[in-house]
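K.L.:
First the structure, which I've put down as structure tokens, then a few questions once you've had a look.
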């Protein structure tokens, strides 16, 4: 959640966000064998999923009635709407397509998709409204807080997907993170916070191709983060890494209560580094510290999910979260699929749409970036609900696929013609919670209960590799 709080004393603006501190001799190299580009795109989507779930999860604990659930580690009831953290992260994930990105395009995306009710602070609401009206974002961002620029945590909260997108070259990720921050946050501390989070997320994603550790993550962040109070906080986080007490870490590093990069980023990196292999543990620890909990959980969720993937986020959490906005899928899915088509190497058909995709690791299914449902057993749609599925729906996918020439009818089971009050797609039918059970190819059953009781009609689609049982 962004805010207009600006501490009375600001660090000197003379520290350049583009410069970096001297590498530590004990730190791992910031460069390594590049990822397969398709894997980078998959990791980027995983990161965004983790960020959105973390954001929505953390936001639940601004509600006093949910505080007992936090103490008892019980999930708050659905739905979990996300906030400005996720909305801006969707623009971050959508805009980069090549070795760099267009700052003007990013500013336009922020402004065009700005939802006043998502928790933006007054000054950011005003900035985005004026950008939407045609005023130059550079002048607006630089003029905030009497010309010092904002050093809030808004640039850091949204940047993790960008770090993953450039994971093959972490110095480039740092450079692009600074450029992304500049669109709204021109103070060097805000840029340093964005750099630190982007590098952490990129390094975490590299764990898909090489061994990574929490200590290694913090070391690489220290390598690439410019001299700043943010970097000094990360140094403290590194010293505290071996102690398990979240209260001590939050007391020492901050918990986002001041809504500044300095008060937010070091603690979130400590949480992510401590729990790099365990998404739920990372989020519960982060939420327990209080503070700007939607933003701290968004940052931690994005970093950890870049490492463990969407599969590492419990299904019960994902099912509670509001789906990502439709405008994100309308552009990003088609672009990612177009990129996947250009990649060399052996390819196999996507089991959902038939598009050729790269060979996936043993034991997984070939899902193209357009579909990107991974191993979920069932896709739900609540047509009358405020929040529908937490993934792109089949109907949305068919629209996107038609625009780029894919066939989404492949491997889908025809059930019966639609009724007048149902979606026009014949591959949807009402779900029966009493008899519909699913078992995945590995034999694990996913009952997906309880179903919502306040809507009369639920729809599902079923690729043929999901076998219904109990009939």
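From the backbone N, Cα and C atoms, a Cβ is placed for every residue, glycine too.
According to TrEMBL, the protein carries these features:
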| type | residues | note |
| --- | --- | --- |
| BINDING | 83, 84, 85, 292, 294, 295 | Mg(2+) binding site |
| COMPBIAS | 11-32 | compositional bias 'Low complexity' |
| COMPBIAS | 426-440 | compositional bias 'Basic and acidic residues' |
| DOMAIN | 349-422 | domain 'Cysteine-rich CPCC' |
| REGION | 1-32 | region 'Disordered' |
| REGION | 415-449 | region 'Disordered' |
K.L.:
Near the Cβ of residue 294 (Mg(2+) binding site), how many other Cβ atoms are there if near means within 10 Å?
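P.N.:
That number is 27.
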K.L.:
Of all the binding-site residues given, 84, 85, 292, which residue's CB has the most CB neighbours within 10 A?
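P.N.:
Counting every other Cβ within 10 Å of each candidate, the maximum falls on 85.
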K.L.:
Out of 83, 295, which of the binding-site residues is least crowded by other Cβ atoms within 10 Å?
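P.N.:
Minimum Cβ neighbour count within 10 Å, taken over the binding-site residues 83, 295, occurs at 83.
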K.L.:
What does DSSP call residue 292 (Mg(2+) binding site) in the simple three-state scheme?
P.N.:
coil
